[in-house]
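Participant: According to TrEMBL:
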- His188: active site, proton acceptor (ACT_SITE)
- Gly12, Ala13, Ala14, Gly15, Gln16, Ile17, Gly18, Asp43, Asn106, Val130, Ala131, Asn132: NAD(+) binding site (BINDING)
- Arg93, Arg99, Asn132, Arg163: substrate binding site (BINDING)
- 6-153: domain 'Lactate/malate dehydrogenase N-terminal' (DOMAIN)
- 157-326: domain 'Lactate/malate dehydrogenase C-terminal' (DOMAIN)
Amino acid sequence: MAKDPVRVLVTGAAGQIGYALVPMIARGVMLGADQPVILHMLDIPPAAEALNGVKMELVDAAFPLLKGVVATTDVVEACTGVNIAVMVGGFPRKEGMERKDVMSKNVSIYKSQASALEKHAAANCKVLVVANPANTNALILKEFAPSIPEKNITCLTRLDHNRALGQISERLNVQVSDVKNVIIWGNHSSTQYPDVNHATVNTPAGEKSVRELIANDEWLNGEFITTVQQRGAAIIKARKLSSALSAASSACDHIRDWFLGTSEGTWVSMGVYSDGSYNVPAGLIYSFPVTCKNGEWSIVQGLSIDELSRNKLDLTAKELSEEKDLAYSCLS
């Protein structure tokens, strides 16, 4: 029996990430090869012509799963009836801008979009915030969409998680699919903590720890961490543009695992509401290791945290607390 279509909103859909993301959704990468979708694409009025061009390309690609396209600059039309919202649109930091200036712009954008989701999205709509500062933009969205449950608002740290997997697989010359259970703790920023203390690799001799196989704590505690933290900047330097393909792919990974579940014994990193786990202040949107089942995420509990890790968890929590205060000062 055919499934009913799922309505998926992508904001900033005419931008680089949006352009990479919408065909992945239409092809079934996000929700599976048997799940029809209706795409809702939102962008700002100056991008209306480009947005219409993206719509034309979606029609021309003749995706069997794509059952409709809404391309609009009207936030209410874009949000009406959506089951999933992928918030890619945001105001980027430009040269000479202070953090407060960027935050103020994004508070305005996310206030408007959150209010529209609050009033017009489908019941139990799930939200993924991609636009930076992702953790704090998600917090702002929750402020203006109070009826959307906390557990339904997340932000993207899967890109950092995937970057960490990629670095380990390259270092060990193994398939990335054989590496699992790295963790991204904290903020999607340069204070994030890529943690391999619980990560493993499938080898012909069985499952081995990443630390045991790499046998180089200096690299794991130094260059590995900074490479993952600064990967986005390195890509901008190389491409002269920010990460688009990898961001789009990781957004699909995030939603797919959230909806369809994580594999047994495997966790992924998601920016979610802190409940105080691992002594992270409650009320922050913070990246934790999570497992997903039946459309719900759960923070992995009981992992040992060494002193180095504790300091790094606290540092990124401190930055998020400061960002939260800055965002709330922009509300007044």
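Every residue gets a Cβ built from N, Cα and C, even glycine.
Looking at the shown structure, can you explain where the listed features end up?
Facilitator: On its own chain, His188 (active site, proton acceptor) has Asn132, Pro133, Ala134, Asn135, Cys155, Leu156, Thr157, Leu159, Asp160, Gly271, Ser287 as residues at least 6 apart in sequence with a Cβ closer than 8 Å to its own Cβ.
Within 10 Å of the C-beta of Gln16 (NAD(+) binding site) there are 17 other C-beta atoms, taking all protein chains into account.
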Participant: Take the C-alpha atoms of Gln16 (NAD(+) binding site) and Arg163 (substrate binding site) and report the distance between them in angstrom, rounded.
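Facilitator: It is 19 Å, counting Cα to Cα.
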Participant: To what whole number does the mean pLDDT across the domain 'Lactate/malate dehydrogenase C-terminal' (157-326) round?
Facilitator: 96
Participant: What is the interatomic distance between the Cα atoms of Arg163 (substrate binding site) and Gly18 (NAD(+) binding site), given in whole Å?
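Facilitator: Approximately 20 Å lies between the Cα of Arg163 (substrate binding site) and that of Gly18 (NAD(+) binding site).
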